[in-house]
Amino acid sequence: MTTVIQRRSTSNVWEQFCEWVTSTDNRLYIGWFGVLMIPTLLTATTCFIIAFIGAPPVDIDGIREPVSGSLLYGNNIITGAVVPSSAAIGLHFYPIWEAASLDEWLYNGGPYQLIVLHFLIGVFCYMGREWELSYRLGMRPWIAVAYSAPVAAATAVFLIYPIGQGSFSDGMPLGISGTFNFMLVFQAEHNILMHPFHQLGVAGVFGGALFSAMHGSLVTSSLIRETSEEESQNLGYKFGQEEETYNIVAAHGYFGRLIFQYASFNNSRSLHFFLAAWPVIGIWFTALGISIMAFNLNGFNFNQSIVDSNGRVVGTWADVLNRANLGMEVMHERNAHNFPLDLAAVEVAPAIRG
């Protein structure tokens, strides 16, 4: 009798790991993008929570005037934020080991870079994971394409804008009031409200909300009755049923008569593509606009564009907006510079002519 002893193949462990990572039978799909997504998002989330609760003040402007952002240093949920890295750091990569001490790293806002860079890698991988799962299931890739809009927006405010401005201190703070401060300063310095790409983004977001509400209300109003008056209409739908749950002809007829015939879709597929494409394209344009304004190609300037026959300026809303911009810029970093850049660049006329 001969006994054959075969060495266990070490490749089996790797093959089992590959099958587990790419299996669509798992409760949560991991995927190869998920292998990188999970640790990066966990790192960003953990550091954000710790920094939001207890990070010391950060010298954001690089002028030895630290700004407090954490809860333990006097802030609340509304005013709290992870303060961006110091202007003294600029665009330098600033991991913990580049600082002389942990205190220096915290003082210069190192956690902001750690959170933002890990977060961006994580959301990029999440988008890739959406594509990967769609591929495994034989689906089309439009879920990942739609998700690319908020990914592009996050990349614009957290990475592209700081690169264009020359410092991570110009990035968006990670907090509620910090976000509003970022928006006001962005308007003051770049006149974003007068940029056509931002206007397309507003149309995309508000239009998408309107179309979503219209579609949902039309479907809900034209459900095919499958229940009695005493039962909930939701019980009339069975998951996976083949027949339609609402009457698209009735919805089409109603909407066509409410506005006009060709305002209503008669194809469910083209309708849902439109509902997805409208806000996505709008947010794409907004992200592109922020990326353009990052390099100071700003919104339109119509200040003092209308004058009467005597040469006197006839004020418009553009002039009102310009005055508001100057006021916001005066208040921004008021200890870092004395005047808004727009005023400082203007040649001062002498008070007395000789």
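Backbone N, Cα and C define each Cβ position, glycine as well.
Binding site for quinone per Swiss-Prot: SER264, PHE265, plus HIS215 from the candidate set HIS198, HIS215. Range 197-218 is the one annotated as transmembrane segment, of 87-108, 197-218 (source: Swiss-Prot). Take the recorded positions HIS118, HIS190, HIS198, HIS332: by the count of other Cβ atoms within 10 Å of each Cβ, the lowest one is HIS332. The transmembrane segment (197-218) shares the most Cβ pairs under 8 Å with 274-288, out of the stretches 29-46, 118-133, 142-156, 274-288.
Once the Cα atoms of HIS215, SER264, PHE265, the listed binders of quinone, are compared pairwise, the greatest separation found is 11 Å.
Across the candidate stretches 29-46, 118-133, 142-156, the maximum count of CB pairs under 8 A to the transmembrane segment (274-288) is reached by 142-156.
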